[in-house]
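Undergrad: Residues or ranges marked as Zn(2+) binding site by Swiss-Prot on the basis of sequence analysis: HIS127, HIS131, HIS137.
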Amino acid sequence: MKKAKRNPLLARLAGRLELTLDVRSDAAALPPPALIRRACQAALRRDVKQAQISIVIVDAAEGRQLNNDYRGKDYATNVLSFALNEGEPVEGLPLFGDLVLCAPVVEQEAAEQNKALMAHYAHLLVHGMLHLQGFDHEEDAEAEAMEVLETVIVKQLGYPDPYHEEHI
């Protein structure tokens, strides 16, 4: 009897984080699974004991449709975050959510902002993970706090400050 093969797109990290990856884009340059795992793990708060996150990479049409359906905005955006358990994580309960990255938008932004594409993917994964954990940037103070945290995490991953003026 043959042993069933493990799905290579499913990864467990330190018993805390389970990721699935669904690529629905034909973009040539996509973030490797190792980068996705590292960025998501780095952004996971220490008090989150378990998380199940789906990463979906889409094309512009699907990104636009999702942004329109869920946010009422008729354009494709770089990252959308969908938390199954909205807001602050509840102690003892797993964090569940989906991150949707729109590959053409990420590529365009990286080029326009003079950023390395993989650095931009890492930043957006961190940004999305923070949203799943209740962080927001609706108010100026929230935005500033979130940017500081993103910058610290992205630098820990070995990438430059995503908000530094030479990259914007």
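Cβ coordinates are placed from backbone N, Cα and C, and glycine is handled just like the others.
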Undergrad: Around the Zn(2+) site recorded as HIS127, HIS131, HIS137, what other same-chain residues have a C-beta within 8 angstroms of the site's C-beta center?
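TA: Sorted by sequence, the hits are VAL79, SER81, GLY128, LEU130, PHE135, ASP136, MET146, GLU150.
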Undergrad: Are there any residues at least 6 positions away along the chain from HIS127 (Zn(2+) binding site) with a Cβ closer than 8 Å to its Cβ? List them or say none.
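TA: Listed in sequence order, they are VAL79, MET146, GLU150.
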Undergrad: Here the binding-site residues are HIS131, HIS137; which one has the lowest number of other Cβ atoms no more than 10 Å from its Cβ?
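TA: Counting other Cβ atoms within 10 Å of each of the binding-site residues HIS131, HIS137 gives the minimum at HIS137.
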